[in-house]
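As recorded in TrEMBL:
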- Arg66, Gln84, Arg89: substrate binding site (BINDING)
Amino acid sequence: MSSEKVHVEHCKGVNGLDKVILREIRGCSAEVYLYGGQVTSWKNELREELLFLSSKAIFKPPKAIRGGVPICFPQFRNIGSLEQHGFARNRVWSVDPDPPPFPSNTSHRAFVDLILRPSEEDVKIWPHSEVRVEGLETLDYLDNLKNRERFTEQGDAITFESEVDKVYLGAPTKIAILDHERKRTFVLRKDGLPDAVVWNPWDKKAKAMADLGDDEYKHMLCVEAACVENPITLKPGEEWRGRQELSAVPSSYCSGQLDPRRALFSG
């Protein structure tokens, strides 16, 4: 990589806020503020600005920067219990010192990886889970919180930010439960049980359950093999066998992502 053509500069911006300037071989450039992890400028090879940034933008925390590419997380607008558009755009992000490998042939590209690390305050106002379930993507499921209405899973993985009580239909024989905090993956293997149940009561229901501690929902997750949609009926003399096997394997942790492929597709 030629430092004369591809350039990543860490410097100070408006009001002394840290920012990163990226310049590429063709003359394209971008400007990213660590405050909000926000792209505030993107110029093409003709040096033409492609993003809008208000001339009256206030670069002073906790006010969000008006314009550019803001990150609205973990909620959009006021749809939720947090501040407008969530807190990610009002926090100071950091540069990842050990980013994951970039796609091949990057000699002409300038890039930077940013990380937002949750503070104690963030965890209090948004108690999210460090666990995700993979292997159930794109499947239909029955939502027990909506009178068993049928939906299709849209996410790349199942994460937990509120109560979940779903029955996934036609689930694969292997499902991975990724524990980010402890850097391990539980692998569930099943036979004879076509469906899978995923359940966590979350805070309100946990407090209403006499046999569950108020905060124990943070330390448990129910993922189990099941046969729900089409009950198994046996004629006299017939046999049926169902099996569920759990195993725990170490997981590599890199920039917030766990890779369960080895666990899912081995064996």
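Cβ atoms are placed via backbone N, Cα and C, with glycine included.
Sequence-distant contacts of Arg89 (substrate binding site), defined by Cβ-Cβ distance under 8 angstroms and a gap of at least six in the same chain, are Gly36, Gly37, Gln38, Ala64, Ile65, Pro70, Ile71, Cys72, Phe73. Annotation for Arg66 (substrate binding site): spatial neighbours Leu53, Ser54, Lys56, Ala57, Ile58, criterion Cβ-Cβ under 8 Å with sequence separation of six or more. Non-local contacts of Gln84 (substrate binding site) by the CB criterion (under 8 A, 6+ apart in sequence, same chain) comprise Arg77, Asn78. Excluding Arg66, Gln84, Arg89, which define the substrate site, the same chain contributes Lys63, Ala64, Ile65, Pro70, Cys72, His85, Asn90 within 8 Å (Cβ to the Cβ centroid), listed in sequence order.
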